[in-house]
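The next block holds one structure in the form of structure tokens; read it before the comments.
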Amino acid sequence: FQPIIFSSILISHHHNVLFCSLYLLISVLLPAWLYGDPRHVLYPRNSTGWFCGIGPNKDQPNLFYMNILKCATSVNVMASALNGLQCPTTQVCVAQCPSTFWAVGIDMYFKKPAEVFNQSVCVPSLNLSNTILVSPALLPFSGGLKCSNTINCVNLNLNTDFHAAAQDIVNGFNAKEIGVRIFEDFASSWPWILLGLLIAMVVSLLFLLLLRFTAPVMVWVLIIGVLGAGAYGIWHCYWEYANYKSASATITNVGFTTNLQVYLQVQETWLAFLIIISVVEAILLLTIIFLRTRILIAIALIQESSKAIGHMMSALVYPLVTFVLLLVCVAYWGATALYLATSGSPIYRVVALNSSQGDCSSISGNVSCDPQVPSCIFIKYNNEGLFQRNLFNLQIYNVVAFLWCVNFVIALGHCTLAGAFASYYWAFTKPGDIPMFPVCGGFIRALRYHVGSLAFGALILTLVQIARILLEYIDQKTRAAQNPVARFILCCMKCCLWCLEKFIKFLNRNAYIMIAIYGKNFCVSAKNAFKLLMRNIIRVVVLDKVTDILLFFGKLLVVGGVGVLSFFFFSGRIRLPGNVFRSETLNYYWMPIITVVFGSYLIAHGFFSVYNMCVDTLFLCFLEDLERNDGSLQKPYFMSKNLMKILNKSNKAQKKGKGKE
């Protein structure tokens with residue numbers, strides 16, 4: 001299948017829609033969907049191979065281990081015989097696990113089994129009414145117990161000491177009980193959790209819209225704050241230097257010590273700090289002076305991005321589409337992996353401590369419950385046959401396809417939003433020339449014309465991610481045998497691959513913007529975007545840093561503010577009138593707080609990712625506008641008046657009454 005997938009990126013753009021259905025088609029045709037049985041994972045199986053909770057055992061959902069100690073002691077004793085780490089003890093489906101444990105006493109010998117044992121915890125093939133109790137073994141009155149892919153014999157001598165220890169563990173940490181309490185907390189507080197998430201959404205939206213008016217103030221306040229902090233640092237270092245001027249201690253006298261407080265009492269230390277901070281402050285001041293125009297351009301683009309989002313609010317909803325598509329990818333990958341993992345039929349073997357293993361069909365006649373006598377137990381799932389032998393390779397293929405699909409969905413979102421925001425920038429008269437439903441239009445164009453290019457870009461990123469995963473796997477497997485040189489080499493390789501992945505993501509993002517603007521293929525778009533950015537590298541750095549700072553403080557405002565508010569509310573420090581909600585009803589008040597904080601971060605990240613994409617798109621459009629147009633009647637500028645004012649540009653068309661916003 002791999003050659004088919006890789007060749008799909010070379011198909012003409014009219015047929016590139018085949019990629020969207022390729023993974024689905026291949027996975028449907030995979031034998032895993034024919035041989036797989038997810039019930040192996042969803043339901044436990046007893047020793048006879050039947051599922052608990054469905055079929056004949058519909059009313060018996062729990063699995064009972066006769067002697068769970070064997071699960072811990074069988075690793076070394078039975079490993080060679082079992083060819084695996086399966087638990088060599090009888091397992092029975094029961095409606096409810098027994099709460100009392102007992103052992104067979106001497107006075108119980110030769111009694112009727114029905115008077116000693118509970119039939120509900122016996123294997124189905126064992127009928128207590130037709131057996132007698134002999135020593136610790138159950139023997140039939142006549143005929144004999146056949147072992148045919150089942151375990152017909154049980155040893156019901158249970159270890160009471162082990163039960164006591166296990167019961168202490170269960171009582172100390174009952175995961176089911178904790179889960180029920182958490183569910184109760186969510187059931188009683190979910191309206192207020194939704195209200196907290198709604199507040200986070202409103203705050204995020206208001207922050208983005210207000211950047212149109214507050215971006216200049218915020219940027220310059222941050223710049224002045226940084227310079228002011230540097231000036232205070234210079235003054236404080238000089239003050240400390242003057243205080244220790246008469247001190248006799250010097251760096252030479254102190255020497256090397258792990259007590260850092262000693263160095264803070266030396267005059268040379270504060271002199272070094274003073275020089276370093278002064279140099280950094282001078283560099284920052286000169287950088288701001290020489291880059292003031294580029295900072296103004298970055299502020300203007302941020303304001304223009306806020307204005308663009310105000311004209312197409314539907315763009316803020318698109319992250320939900322990406323989220324749903326990613327959920328589909330994860331669910332489909334998980335289902336395929338589950339079917340692959342359960343595609344083999346269960347295999348049972350005859351196992352005993354003093355005998356070799358064989359097929360269950362080799363046992364006939366009477367079988368006792370003596371542990372020295374062969375018994376049939378489940379070993380593993382079948383790995384014979386061409387398909388079963390390649391399950392690992394198919395799982396790897398499934399992971400590669402999953403990463404490819406995830407990267408493709410993200411690329412589709414980038415191209416869709418870039419197309420929408422590009423249509424805003426290249427509208428000469430705003431908002432009159434902005435097309436209707438720009439986000440839907442960008443999505444349709446991306447699916448109709450650019451699927452192959454998006455798939456190719458996603459494939460490049462996927463290959464780099466696979467290389468990182470393989471390197472991490474090699475590092476984990478060889479860590480015990482690594483020397484310092486090997487660790488250093490692996491660390492350098494991982495660092496290089498991390499940088500390469502970041503660069504590929506940056507290049508792909510700008511390539512998708514150029515694809516949305518001009519409709520050219522991925523390679524041409526990536527080359528043009530890279531050259532365009534390199535010709536304006538200083539503007540790129542300034543815009544990127546200014547935007548990152550603003551969005552960082554925006555996320556901090558949303559997540560921190562909503563998190564503090566939810567803490568005061570769910571902890572009971574803020575009470576509503578009328579006892580509408582009381583924090584005393586919560587078992588763990590921190591669970592709603594964590595949910596609100598995590599949800600607020602996701603909401604803020606979704607909104608701000610759209611805004612960041614808008615800034616990047618308008619920036620590339622702005623650079624293209626500067627290089628391709630000159631303000632004449634034939635080639636007018638499409639940038640806003642604010643940007644033209646900063647650059648001292650103008651359109652001749654404006655003098656004849658054809659101006660724009």
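Yeah, the Cβs are placed from backbone N, Cα and C, and that goes for glycine too.
In TrEMBL, annotation is done automatically, which means it is predicted and not curated.
Record features, source TrEMBL:
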- 16-35: transmembrane segment (TRANSMEM)
- 190-211: transmembrane segment (TRANSMEM)
- 217-235: transmembrane segment (TRANSMEM)
- 270-291: transmembrane segment (TRANSMEM)
- 312-335: transmembrane segment (TRANSMEM)
- 401-428: transmembrane segment (TRANSMEM)
- 449-471: transmembrane segment (TRANSMEM)
- 483-500: transmembrane segment (TRANSMEM)
- 550-570: transmembrane segment (TRANSMEM)
- 590-611: transmembrane segment (TRANSMEM)
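Within the same chain, residues 5, 19, 23, 26-27, 305, 308, 311-312, 315, 318-319, 321-322, 325-326, 329-330, 332-333, 434-435, 438-439, 441-443, 445-447, 450, 454-455, 457-459, 461-462, 465-466, 508-509, 512-513, 515-517, 610, 613-614, 616-618, 621-622, 625, 636, 638-639, 660 sit at least 6 positions outside the transmembrane segment (401-428) and bring their C-beta atoms closer than 8 Å to a C-beta of that stretch. Of the recorded ranges 312-335, 449-471, 550-570, 590-611, the transmembrane segment (190-211) has the largest number of C-beta contacts under 8 angstroms with 590-611.
The stretch from 217-235, 270-291, 449-471, 550-570, 590-611 with the most CB pairs below 8 A to the transmembrane segment (312-335) is 590-611. Same-chain residues lying 6+ beyond the ends of the transmembrane segment (217-235) with a Cβ under 8 Å from its Cβ atoms: 211, 273-274, 277-278, 280-281, 284-285, 288, 295, 298-299, 546, 549-550, 553. Long-range contacts of the transmembrane segment (483-500) within its own chain (CB-CB distance under 8 A, at least 6 residues past either end) are made by residues 464, 467-468, 471-472, 474-475.
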